[in-house]
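*Asks:* From TrEMBL, here are the annotated features:
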- 9-171: domain 'Anamorsin N-terminal' (DOMAIN)
- 234-265: domain 'Anamorsin C-terminal' (DOMAIN)
- CYS237, CYS246, CYS249, CYS251: [2Fe-2S] cluster binding site (BINDING)
- 267-299: domain 'Anamorsin C-terminal' (DOMAIN)
- 270-273: motif 'Cx2C motif 1' (MOTIF)
- 270-284: region 'Fe-S binding site B' (REGION)
- CYS270, CYS273, CYS281, CYS284: [4Fe-4S] cluster binding site (BINDING)
- 281-284: motif 'Cx2C motif 2' (MOTIF)
Amino acid sequence: MEEFGIAAGQRVAVIWDGSSPVEALKGLVDSVRASVGADGRVAVENVNQLSQSAHRESSFDVILSGVVPGSTAQHSAEVLAEIARILKPGGRVLLKEPVVTESDNNSGIKTAAKLPAALTLSGLVEVKELQKEPLTAEEAQSVREHLGYQGNDLLIVQMEGRKPNFEVGSSSQLKLSFAKKTSPSGKPSVDPATAKLWTLSASDMNDEEMDLLDSDELLDSEDLKKPDPASLRAPSCKEKGKKKACKNCTCGLAEELEQEKKSSQPKSACGNCYLGDAFRCASCPYLGMPAFKPGEKILLKENQLHDA
């Protein structure tokens, strides 16, 4: 068929819907079969059952959808995706669909601008509009019956699209070269001016015009002073007037507190420990030691410290 560009030996799918007149559908199928000949194949599918068909991917050279005279088929995103799946790489799809001229409608009918976008989003390329014309009286009546649209701003648009020359999910190795250019000697080439800028030879060290800095001269007397350990402590080392070391203390406060804990002596509960054994409790850690003056520092061995 010259109208649709169908050649002998091709595999063609004709998609119809409930609005397609039976006689017109039969006449279209007979014409397609005559064009493809004995070596070709023609499959007829309902648009609502297309996704349940058993066609494998890349099965058809040409797909005709909604082109039956008097048809007002609508193509959902799922239908367009299925068409793209069963179409061969490089294959063509030709479809007709009624569109509205106003974008602010709630009918679900696409606009003339959204139809080509829907074909592109389904994976087709080279999408173009072949024809746009007002609906015939028969087509307008079909829209009112099958789509329930009562407006008068409808047009019938014929679109064409192609599947890319590769299958969905196919891959190809890219030949990329990231090799660095090297000199004939095998070493990377260096700009002489750049090399001279970053090179310091022995003769440069003896050059009177070469101004070299002594690193010790960069330090002043304040830099050489030993810092006060208290100044190195973080502000959080002292909370609410009580010294408390941080979890990961690095200023020495944790060691200082630990040392204070070790050197601290138990405090007398009765206040009579210094008077001697006659006045001491049975659990007093000073038992057996001579009396001492109040406030005198007494060192106890570790084995003398025990719970009461």
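Using the three backbone atoms N, Cα and C, a Cβ is placed for every residue, glycine included.
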*Asks:* When you tally the Cβ atoms that lie within 10 Å of each candidate's Cβ, which of the binding-site residues (CYS270, CYS284) has the highest tally?
*Replies:* CYS284
*Asks:* Which whole-number value in Å describes the distance between the Cα atoms of CYS273 ([4Fe-4S] cluster binding site) and CYS246 ([2Fe-2S] cluster binding site)?
*Replies:* 37
*Asks:* Inside 10 Å of the Cβ of CYS251 ([2Fe-2S] cluster binding site), count up the other Cβ atoms and send me the figure.
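*Replies:* So the Cβ neighbour count for CYS251 ([2Fe-2S] cluster binding site) comes to 16.
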*Asks:* Would you mind reading off the Cα separation of CYS249 ([2Fe-2S] cluster binding site) from CYS270 ([4Fe-4S] cluster binding site), to the nearest angstrom?
*Replies:* 37
*Asks:* With DSSP as the reference, give the number of residues of the motif 'Cx2C motif 1' (270-273) in helix, strand and coil.
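*Replies:* Residue counts for the motif 'Cx2C motif 1' (270-273) by secondary structure: 1 helix, 0 strand, 3 coil.
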*Asks:* Can you grab the distance from CYS281 ([4Fe-4S] cluster binding site) over to CYS246 ([2Fe-2S] cluster binding site)? Cα atoms, rounded to a whole Å.
*Replies:* 39
*Asks:* C-alpha of CYS284 ([4Fe-4S] cluster binding site) to C-alpha of CYS246 ([2Fe-2S] cluster binding site): distance in Å?
*Replies:* 35
*Asks:* Just how many other Cβ atoms lie inside 10 Å of the Cβ on CYS249 ([2Fe-2S] cluster binding site)?
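*Replies:* Taking all protein chains shown, CYS249 ([2Fe-2S] cluster binding site) has 17 Cβ neighbours within 10 Å.
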*Asks:* Treating G and I as helix alongside H, and B as strand alongside E, what does DSSP give for the domain 'Anamorsin C-terminal' (267-299) in helix, strand and coil?
*Replies:* 6 helix, 0 strand, 27 coil
